[in-house]
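As written in Swiss-Prot, here are the features:
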- 66-98: region 'Disordered' (REGION)
- 1-125: topological domain 'Cytoplasmic' (TOPO_DOM)
- 147-197: topological domain 'Lumenal, vesicle' (TOPO_DOM)
- 219-258: topological domain 'Cytoplasmic' (TOPO_DOM)
- 280-298: topological domain 'Lumenal, vesicle' (TOPO_DOM)
- 320-334: topological domain 'Cytoplasmic' (TOPO_DOM)
- 356-376: topological domain 'Lumenal, vesicle' (TOPO_DOM)
- 398-431: topological domain 'Cytoplasmic' (TOPO_DOM)
- 476-482: topological domain 'Cytoplasmic' (TOPO_DOM)
- 504-518: topological domain 'Lumenal, vesicle' (TOPO_DOM)
- 126-146: transmembrane segment (TRANSMEM)
- 198-218: transmembrane segment (TRANSMEM)
- 259-279: transmembrane segment (TRANSMEM)
- 299-319: transmembrane segment (TRANSMEM)
- 335-355: transmembrane segment (TRANSMEM)
- 377-397: transmembrane segment (TRANSMEM)
- 432-452: transmembrane segment (TRANSMEM)
- 455-475: transmembrane segment (TRANSMEM)
- 483-503: transmembrane segment (TRANSMEM)
Amino acid sequence: MATLIRSKLSNVATSVSNKSQAKVSGMFARMGFQAATDEEALGFAHCDDLDMEHRQGLQMDILKTEVPSGDPTAEGDSHYQRDGTGPPSSASKDEGLCSELSSYGKPKITAWEAGWNVTNAIQGMFVLGLPYAILHGGYLGLFLIIFAAVVCCYTGKILIACLYEENEDGETVRVRDSYVDIANACCAPRFPKLGGRVVNVAQIIELVMTCILYVVVSGNLMYNSFPSLPISQKSWSIIATAMLLPCAFLKNLKAVSKFSLLCTLAHFVINVLVIAYCLSRARDWAWDKVKFYIDVKKFPISIGIIVFSYTSQIFLPSLEGNMQSPKEFHCMMNWTHIAACILKGLFALVAYLTWADETKEVITDNLPSTIRAVVNLFLVAKALLSYPLPFFAAVEVLEKSLFQEGARAFFPNCYGGDGRLKSWGLTLRCALVVFTLLMAIYVPHFALLMGLTGSLTGAGLCFLLPSLFHLKLLWRKLQWHQVFFDVSIFVIGSICSVSGFVHSLEGLIEAFRFNIED
């Protein structure tokens, strides 16, 4: 009897407890919370993890590792995949962890080595067009060289800031790997691929135009070095392109990279020779020719030339990711752009003071014939050795975006199962080399082409997109002065980009109409 009473009391207590828990759970549910037992808590925690991964997968890009066998899951990756299909499987997570751990063993570059790479990008051959920018801009052109250095340094920093986000513990972690990843994150979730495609198109245009400029400058330099020879500038461009055809067979840049240091040293020697010659004529410098006013029609072209000479944002995310100490990135950007600003300003001013209104689009064309031939031969060698770098980068972007996206690719893979380049893939590479030749033949205007490229893609990749992405991704964390800087850069960059593009086109049309040769 006592046992029966005890069991009934226990049942009543249990039912009361269940009802009270149900009421409390209902109350919490109406407030937006959910009560759970210990066993259910594990399930809810797992669901929360999956939900968090899914939401992050909508916003972040996923790196897919493809293997020749065609099995996309054979090699995993701990990063998010590009197509936003959700988190990888547990097997791929384990393999991705192994790949992450193995990546720690890869050699990293120091801040000095990173600075050397940035210096090579912003102190290349295209500084030869800066005196021409001073010709049409005067002192305002000199100010623009300084201003462009400050802005490009700032936009490079904010572009890298877009690679990072704070986790739940308040720690800043790197969640993106490239310029394309940042663009896709800004357009997600509605258009997760749009931003990356825009950036890819801009990169391809800039890289191909860089290749065209190398062919143009090679033909220009050879023609002006040997004017007595019965060979036109177009013929010299064809000869230069014939030497560049082996670039179509490139599988990697190991062979080319061996010449990078030699190219940089040669260019440094050339700059020293030009400045030394200019200093030898310091008594004849035409200070009165440096204008305080600008040529309204041609100054926007100068803006494009100056901006194009500072472009390095394309490879900054990869460079920062390979640094031993990413914290030193800001310091590295500061001293590289300060050095570039000083050297470019001095080179442009000294060269313009020497030749004043006779300054040509490529400043070495103003040198005496004896010195010009030697200097130009070095420059042509540097241009030909520099051509494979942007060419290979453009080929990689084209192959990844058009030929290597699996089922979503527009065209079949240009590589066979054994990794060899197919014949039609080789034909496309040769066609790209020939395209750069045709553009160089029919548009042989170095400064106008450089101004056009700088206004179109240079301003977009260096000014407009970094400031726009910074506002989009980090809006809630930005202070008022950062918002002001970003908006100002975007507005000024848009105005300069449109005006430079329009005036560069007008300059090209005028050159064709009156058959003006460089």
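Keep in mind that glycine also has a Cβ here, set from the backbone N, Cα and C atoms.
The list of residues near the transmembrane segment (335-355) in space but at least 6 beyond its ends in sequence, with Cβ under 8 angstroms from a Cβ of it, reads 115, 118-119, 122-123, 127, 130-131, 133-135, 141-142, 145-146, 149-150, 152-153, 271, 274-275, 277-279, 281, 284-287, 289-290, 309-310, 363, 366. Packing against the topological domain 'Lumenal, vesicle' (356-376) from elsewhere in the chain are residues 128-132, 134-135, 217, 220-222, 224-227, 270, 273-274, 277, 286, 289, 445-448, 518: each is 6 or more residues past its ends and has a CB under 8 Å from a CB in it. No contact links the transmembrane segment (126-146) to the transmembrane segment (483-503), because fewer than 3 Cβ pairs that are 6 or more residues apart lie under 8 A. When each of 198-218, 377-397, 483-503 is scored by its Cβ pairs under 8 Å to the transmembrane segment (432-452), the top-ranked stretch turns out to be 198-218. Counting only same-chain residues 6+ beyond the ends of the transmembrane segment (483-503), those with a CB under 8 A from a CB of the stretch are 151, 154-155, 158, 297-298, 300-301, 303-304, 307, 451-452, 454-456, 459-460, 462-464, 467-468, 470-471, 475.
When each of 198-218, 259-279, 299-319 is scored by its Cβ pairs under 8 Å to the transmembrane segment (377-397), the top-ranked stretch turns out to be 198-218. Residues belonging to the topological domain 'Lumenal, vesicle' (280-298) score a mean pLDDT of 85 in the model. Beyond the ends of the topological domain 'Lumenal, vesicle' (504-518), by six or more residues, the same chain brings 220, 233, 297-298, 300-301, 304, 360-362, 443-446, 448-449, 451-452, 455 to within a C-beta distance below 8 angstroms of the stretch. Residues 134, 136-141, 349, 352-354, 356-357, 503, 506-507 of the same chain sit 6 or more residues outside the topological domain 'Lumenal, vesicle' (280-298) yet have a Cβ under 8 Å from a Cβ within it.
When Cβ-Cβ distances below 8 Å are used as the criterion, the topological domain 'Cytoplasmic' (219-258) is approached by residues 361-362, 364-365, 369, 372-373, 376-377, 379-380, 383-385, 387-389, 391-392, 395, 421, 426, 429-430, 432-434, 436-437, 440-441, 444, 446, 517-518 of the same chain, each at least six residues removed from its ends.
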